[in-house]
Amino acid sequence: MSIEINNESAIEVDEPVIQRLVTYALDTLHVHPDAELAIVMVDEGAMEQLHVQWMDEPGPTDVLSFPMDELRPGTEDRPTPAGLLGDIVVCPQVAAEQAVTAGHSTMEEILLLTAHGILHLLGFDHAEPDEEREMFGLQRDILIGFAMSERGR
């Protein structure tokens with residue numbers, strides 16, 4: 001699996017933990033081991049520019065996903081074909097603000113946003129209540145499973 005992480009933000013992030021989360025999530029979702037994914041951490045100014053350009057929304061946001069090959073989750077018998085999943089852009093400053101509200105660490109929020117971005121790259125959305133239940137349920141399952149796997153490290 002090719003997972004590139006590029007931190008262009010002023011906030012330090014634990015890249016090895018992000019790498020392990022992405023690997024865990026993609027394995028859980030039966031994505032082909034040759035799939036490619038890039039994650040970029042950016043400051044608020046860069047995120048605001050992307051948010052305006054791609055979503056026509058003012059201000060910075062927490063995470064944006066840019067799917068490439070429109071891959072979907074696979075199954076144990078039929079994994080997702082190899083391909084380019086796309087890019088996830090995370091703003092650690094926005095994540096830090098949200099973490100305070102949520103009552104957990106900035107890194108936990110960054111992991112949540114990364115899992116959220118992966119699900120968007122794989123075609124999940126949360127525009128409708130049933131889609132939101134499915135996506136947020138998978139997101140929760142990934143984060144809980146990952147946390148349990150990290151305890152064993």
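Every residue gets a Cβ built from N, Cα and C, even glycine.
So that you can see what the record holds, here are the features copied from Swiss-Prot:
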BINDING   HIS116, HIS120, HIS126  Zn(2+) binding site
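All features noted in Swiss-Prot, drawn onto the structure.
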residue : record              : CB count, 10 Å
HIS116  : Zn(2+) binding site : 23
HIS120  : Zn(2+) binding site : 19
HIS126  : Zn(2+) binding site : 16
With an 8 Å cut-off on Cβ distance to the HIS116, HIS120, HIS126 Cβ center, who else from the chain surrounds the Zn(2+) site? VAL63, SER65, GLY117, LEU119, PHE124, ASP125, MET135, GLN139
